[in-house]
Amino acid sequence: MESRSFDSTPSDPLQEEASHLQYVLEQIRSQLTKDGTVLLEIDDQDDADEAQTADEVAETMVERLLRERLRNLRFAEREPYFGRLDFAETGRTEGEQLYIGKRGVDDPDTGDRLVLDWRAPAASMFYSFTGQGNEAAYEAPDGTISGTVLLKRNIMVRDGALQRVVDSYVEGQDDVPVTDEFLLYRLADNKDSRLRDIVSTIQAEQNDIIRAERNHAVVIQGVAGSGKTTVALHRLAYLLYQHQDRLRAERMVIFAPNSMFVDYISEVLPELGVGGIQQTTFANWALRVLDYEVGLVDQSHRLRDWFGMKDDGVRQNEYEEVHKKGTLGFMQQLEAFIRTFHTDMVPREDFTAFEGMTLPYATIAQWFTTEYGNYPLAQRRDRVLARVKRWMEISVKEAQVADKKALKRTGSAHYKAYEKRWPTLTPLGLYQTFLETVSDLTTNSIVKPKKRGARHEVQMEDLAPLLYIHLALKGVDPRDRFDHVVIDEAQDFSPFQLAVLKAHCPSQAFTILGDLSQSIHTYQGITDWRDFLDLFEEQARGYFQLDVSYRSTFEIIEFANRIIAGFRQFREAKPVFRSGEPVVIESVSWKERLEKAADKLHVLKQEANTVALLTRTEEDAHVYHQSCLEAGIDAHLIDAKQNTYLGGISILPIYLAKGLEFDAVMLVDVDTNHYDASALSAKLLYVGCTRALHKLCIQYTDTMSPLLHPEERESQGARVDEE
Ligand SMILES: Nc1ncnc2c1ncn2[C@@H]1O[C@H](COP(=O)(O)OP(=O)(O)OP(=O)(O)O)[C@@H](O)[C@H]1O
């Protein structure tokens, strides 16, 4: 990185950066030409010579690195850096200009660093330095480096052209901007249909999470729009960069709430230059680990029931069962049940291979409980039976009889009969037997197949217990071991699910993120982060809170906060001061509501890339979608089976919109029937409102939901507690 003294007269920032950019781009282009020529030579060589010697294999490694370098250089040619920090290390007379970019760029001939990768230790100061005083420090491999900051500058380069230069700190100048002008500029933009990286504007509190200890279980409680998902993805990119020798991308995993969300976040990691990280849902992963022994019951029915407006006492019992099956108490009950097999699995009988040759039960039981005691149950069973069989075969071999063949036939027949008396354990079989022993639970969630040979289907809450039994039977397959686990929307996870995942991640490195104010699946999730934190050692866990919402305008956040204020577990979101239009609330007649909604969507789409119409139920989403199609509006219906997010205009129930965001949002039917004064309705409306970046419109018929005017809500005796 360039060193220079800072007593020179400050020049015009734009001019200065334009000439620096020209210099850096020249360097990058010259490296691209050099590396490109080398690669062409390698390619020619490869074509001429197909068989590979050891040296040539090593060469392909070089080739791989070269290709990666070329990819980085091509990226850097378009957008070499986004920020500059002038830093003078204590005790040195010369300072350094650190240009920080998404990819680091070095000059291989001179060893000069042209651009510092955003994940490098020194780059941390760009994020942690907030202009309160001029001191800054970072952790280098050899210890803490401290010094003073002289300049912090945001630089926007697109397609190799300088677009914007904004100083957020200049030493000695008082007129430092109070708010981060560059951040506001970025936030005011319309978004496209995928989540994007935030490398150039990571905030100090987000930087702390990204760079938190590798082997810690980090729990993040963050209000809607505080950047939890984004931060978790950046954390993975950071960890992979910092610990390349210890972590492998293929052994890192992100659990997202549904397949559509996986698609929605799919571009962030590639943008950060990271590939190969698994992105999945808990259900998809669990079914695969269980080797598809069972299938999952179609979830749309349950979602429809839970988020519908009927108050059904019968269903209440079902939800209580769901909740119970997610607790650690239930896991312990299951554990005790499985333990009985440690003693009861071996048939209580001796094994007689043939007359005069008997292996006593006590010996077999000793092999099972002691000699193979450390293996998972199924392996113990297989090992003990293999040993019994071997014993039988040796006994036949050593027997002093004339007709060995006949003896062998007898021995084999006795062995087969004996083997059959051992129980064959499958996760599903064991689980069903276990459920029958638990007095307050039923096996209703397990659906028998309609056709012969087809699989049983189970509910979501059965997956963790099934995996737990699978673990007890077979242990963890090394291919299913993780180096790091990210759980998004973790408030909807159960402690049992987390405990099962913990068994698959020996380093206990977790990034767990969610928002208790958005816990709309209370029947299966948690109400206190302690339920998760307590699963980890005190010195190996961390809790972070993000209170600032970056997604929505000031008006939208204020409005959403009011809806949910007063309910337990509410965390008030603090808006970034980005002002927009007031929230619009419109009363429409029942007859006109579909037509008005279609008109409004049409207007909203003129200024937005993405627009959503959010309903309470999936049935309502179908009705609105149909009416939009009839009005000639190109809208996508999103239901629980959707795997991809298409952008444009989307029509969906609120519960499927969790985690997503749209430039403009329209909430329909916000009346007393659809949204009463309950905590669930409040959370749904809160989630719905906080999906909007710039514009929020609300439409209702008859009587407006009491949640929209809290004073009235209280006079109606609204519950300010969880259900
Ligand atoms: N430091 C930042 N700079 C620029 N944009 C940011 C920053 N932090 C968050 N954002 C933006 O805020 C929006 C919300 O981010 P994200 O979806 O990660 O939040 P979240 O906390 O997961 O939200 P939710 O709980 O509602 O799902 C995104 O558009 C993201 O790009």
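We count from 1, first residue shown onward.
Placed from the backbone N, Cα and C atoms, the Cβ positions cover glycine too.
Since we're looking at a predicted model, the values are computed, not measured.
Long-range neighbours of Gly222 (ATP binding site) (same chain, six or more residues apart, CB within less than 8 Å of its CB): Lys228, Val231, Leu513, Gly514, Asp515, Phe544, Gln545, Leu546, Asp547. Feature annotation from TrEMBL assigns ATP binding site to Gly222, Val223, Ala224, Gly225, Ser226, Gly227, Lys228, Thr229.
What TrEMBL records for 201-553 is domain 'UvrD-like helicase ATP-binding'.
Within 8 Å of the centroid of the Cβ atoms of Gly222, Val223, Ala224, Gly225, Ser226, Gly227, Lys228, Thr229, where the record puts ATP, the same chain has further Cβ atoms from Asp515, Leu546, Ser549, Tyr550, Arg551. Every protein chain considered, the tally of other Cβ atoms within 10 Å of the Cβ of Ser226 (ATP binding site) stands at 26. Secondary structure at Gly222 (ATP binding site), taken from DSSP and collapsed to helix, strand or coil, is strand. Each of the binding-site residues Val223, Ala224 was assessed for Cβ neighbours inside 10 Å, and the highest tally belongs to Val223. Spatially close to Gly227 (ATP binding site) yet at least six residues away along the chain are Ile198, Gln203, Gln206, Leu546, Tyr550, judged by Cβ distances under 8 angstroms.
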